[in-house]
Structure formats: structure tokens, C-alpha cells
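Per TrEMBL, these features apply:
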ACT_SITE  239  active site
ACT_SITE  284  active site
DOMAIN    105-191  domain 'PDZ'
DOMAIN    234-342  domain 'Lon proteolytic'
TRANSMEM  12-33  transmembrane segment
């Protein structure tokens, strides 16, 4: 009887343990895991009208694999897996909802593609006409009086009845306002026209600058002299701008920039061809090294608060990546010049 009782207790204990383990599977955690992603050939994603995709090497974008730790088991995996960065959810998306965060990523990717087309065509002496279509709300401050009214992804068309197409024009209009003043916004939310009155707030106590408390960005459409198609499925954010630009340029010109080298890189791109800082650069150089990349372009540190160059050099030294050439660039032209001077592999 005693042996039977022990057996029953053991079964009950195992049943309880199984139940606990099962329950843990459904308990969410407020963390994201970031890891080295993939290296993806851009010739498969970019098509330029009458362009030449013939290349001896390849131009590639780099990605970061990001996953939400939806249960403690995924979080535990992140704690044990190499080259894994764990971030709190608020560090990744702030106070944005999933819908707002996805809207922001899509806008950033669209802007990245547009800027890449403008910059690369300009470098190849081609023309692009573009039209501004309102102001995209890329962020709303916690202190903004418009926080419950305006959301990330909304498009502002008018303020006080005045039409604004560029963010700089809106900022210039608001600079003479005072905290407590009210402005009337006409905007689009979920494809519906809306109108709201919001109060201005102090943005910078030192300068006394006031504003609505949003992060405004230009929302535009372009009409290039050469048709360019970029397939950015399953890619979000602006960090592929530099490599999109290089691939477009390479298909436009007669010379093959790759010269037999496997080239990868990262960096944002603005319409003037300037390369900007990005996040997750440590993961991208790890991915590039695993894929036997020869040359890796990345944003040069220009401002005192820039960190990409410091991070990547430290990572390369720590990992002992002696077989990959890392090249800092501040403009698209820097990258083009570097590749043009290379001997064929």
C-alpha cells in the first residue's frame, strides 16, 4: 500500500509539473530577441527598366532577425543562444501599438526605397520628379496634448486651414506659436478625413521651442525617368537604403561595380545621397561574416552621438574577423568611388 501511495504521489507531482510547464508556454514576456539575420542578393529584389543585372559578384542587403519572446521558453533560448541581444518591448517600439509600429516600419521602408531611387538616379545623371502628399506622423510625444488624437501613421494635410506638404514648412509655421496656443489639424486616420483642435506644448525648455509634440516626416510620391521596382517583402525599416541605391546604380551604368566581390552593407539613405546611422549593426556584421562577404559598407560616425563605426570596429576586433573588409561611408558616392577603384577579383 505504501509503495502504491508513493506511485500515486509521483504521478500527481508529474501531472502538476506538466501543467505548470504548459501554462508557462502561454505566459507572454515583455522582451524581444535580436539575432544576426540573413544576407540577401539585391539583384533578385531590384529591377531597373532596361537595366543590366549582369554582375561578376553580388550586392547584398543584411537583415536582423527579430522575434518577440512570447513565452519564457523563447526568452530562455535567447539567454543561451550566441550573438543574441535581449531588449525590452518599450526599447523596441516605445509605447506604440503593434499596428502603429508596423505602420511606422512600412513608412520607413517606403521612404527608404524612394530615397534610394532619387539618390541613385541622380548619381547616374537621371531625373526624378517627386510630389509631397502631406506630413506623416512618425511619432507622438508622451507629453503631447495630441496624444489621444493623433496616432503614428496618420497624415496631416492642413493646420489652421493652411496646406502643408513638407515637415520643414510645418515646423517653420509653428515656431512663432506659444505654449497653450491652439491649432486646428486636418488629417487622415485609417483612410478617413478627420479634424481636431490641439494645444501647443514646450518642446525645448532651453530654447523655448514649442510644437504639437509629434515627429513629422515628409510623405511623398515619385515619378522617376526610369522605372524601378523594389521587392521589399518581409523587410521593414530604413536600413537597406544604401544597398538599394548601389544595386539600382549598378543596373543603370555600363560598368559592373561588384567586379567579382561579394559586397554587403547597411545604412539609411536620404534623397541627397547621405548615409545615416542604423540599429543592430553588430548583428549585421556577424551575418555578413557567416556568409563569407568580402566587403561590408556601413555608416561612418560623423556626429558625436553616432556609434555605428565604433560598434562595428569593436565587434570585428572581438570576433577576429580578419577576412572581411569593413568600409565606413558617409555618402552613396563614397561607396561608388570605393568600388570603382577596386581591381577585379
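Heads up, the Cβ atoms here are built off N, Cα and C, so glycines get one too.
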Cα-to-Cα gap, residue 239 (active site) vs residue 284 (active site), nearest whole Å: 11
Set of same-chain residues at least 6 away whose C-beta sits under 8 angstroms from residue 284 (active site): 36, 37, 62, 63, 64, 264, 266, 298
Number of helical, extended and coil residues in the domain 'Lon proteolytic' (234-342), per DSSP: 44 helix, 20 strand, 45 coil
For residue 239 (active site), the number of other Cβ atoms found within 10 Å of its own Cβ: 28
